[in-house]
């Protein structure tokens, strides 16, 4: 009788081998994987392959992110080819070796975040707003899933599909984390369709890099920052809901992640979920398609803190608004915290249902404005320090004086200067910054740059049809041009990630993130990519002045 685990590993090895081979072929639909991508792919372990789904385990969180955002599409396609039917993919994190249990010292009281502020009127660091009482007001965490039975035999192909891939990954994660000592590998059980909702606290929806400690405070965002801290310290007791609005690229998303991360430090076990409105909408649509409405409700209503980014994108989606209305009510009535962000205040979300807008207005509404000069310089100093880049203050002042409306635009300018410095292998100077920013410097006389203009210019530059550039073709030349256009949309427009994805045939926001990161990296390593960005930027600006 054959070993099912050996057969599983052999099948997975064949999938990986095929993928790596395809990535090396010149005319393949699979891109040429980088060294780190190949390494992460080879470190993945198969956990379960079922009827149209697969669960794999990455060795750590960074590898999981790479697999999901950069390689997931190609892995899914290869698995589907090997299985002879469409396949969905779920990724979890392999459990580390369990140390022997030992008595833990009592945890110290959590400290308030130490935050960076822009100097104001020569007074240096300011006292943070919203000082809250120190007594514990932790809300009762929502009910946890039942402990799995680790003594049942592992089933490598379940009798039926799990209620959702998220629940499949979560079920495995809980098996690993709760396995008793003496069991080096948790044995699995088949997953019943009506399993309790998975633990959002473990789904890693929060970006650990976004914290209050690295959020630069100035007069334009101090109140919003203080409100977010207060909500993290006292969920559902300070301000509920908290509604943060402001233009794209000003730090709203950073504050939402920071609040979630800080709340989990203060209140271990708190169930926190961050989603964009696009993700909420897609989850809801998929639950209708797959007849998983109850699973969807458990996932979003069995929480202590729900954060929804860019809530304005619910406009025009009547059925999704209806579901979010009921989700909002369920959480609010259960005394659970809700944090929302938008590019406009509630009153200006005119196509949202009145009952939603009135609920948004029932808590605290605070805005974030474009940062002042000193705050912009402080942001650039923080960014340069985080990237390990040595930049003279005069260069930072030059950049800060030219880019006023968006933090994303500000940091993009610094990235372009740093990339040019790496390419020419010279230290950053004022003269170099002037050269690097020549085509990027904003012109107040320019009309607003649109994604359509960027796509049209990029298609013409590479002699590609516009529909092809917007489409899903995987040829390297087309994929590279599309990634350049996505990067420029991110840098030159105020569009959010979901809106940029919409301009490219409805691509997911993670595809835009991948393109942005890939081109940023290539700009520091490949002169051709840097020159392409410079040339395209100039053409877009010329096109915009017609």
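Placement of Cβ uses the backbone N, Cα and C atoms for every residue, glycine included.
These numbers come from a predicted model, not from an experiment.
Listed in sequence order, the residues of the same chain lying 6 or more apart from residue 249 (ATP binding site) and placing their CB within less than 8 Å of its CB are 405, 406, 407, 408, 409, 494. Annotation source Swiss-Prot lists ATP binding site at 249, 251, 252, 253.
Positions annotated as compositional bias 'Pro residues' by Swiss-Prot: 96-111.
Residues annotated as compositional bias 'Low complexity' in Swiss-Prot: 126-145.
The compositional bias 'Basic and acidic residues' annotation in Swiss-Prot covers 191-209.
Residues or ranges marked as region 'Domain I, interacts with DnaA modulators' in Swiss-Prot: 1-85.
For the region 'Domain II' (85-204), the mean pLDDT of the prediction comes to 46. Marked as region 'Domain II' by Swiss-Prot: 85-204.
Annotated region 'Disordered' per Swiss-Prot: 96-209, in sequence order.
Under the heading region 'Domain III, AAA+ region', Swiss-Prot lists 205-421.
Taken from Swiss-Prot, the feature region 'Domain IV, binds dsDNA' covers 422-546.
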Other CB atoms within 10 A, centred on residue 253 (ATP binding site): 21
Neighbouring C-beta atoms (10 Å sphere around the C-beta of residue 251 (ATP binding site)): 25
Residues that sit under 8 angstroms from residue 252 (ATP binding site) by C-beta distance, when 6+ apart in the chain: 244, 245, 246, 309, 341, 368
DSSP three-state assignment for residue 251 (ATP binding site): coil
DSSP helix/strand/coil residue counts for the region 'Domain IV, binds dsDNA' (422-546): 85 helix, 0 strand, 40 coil
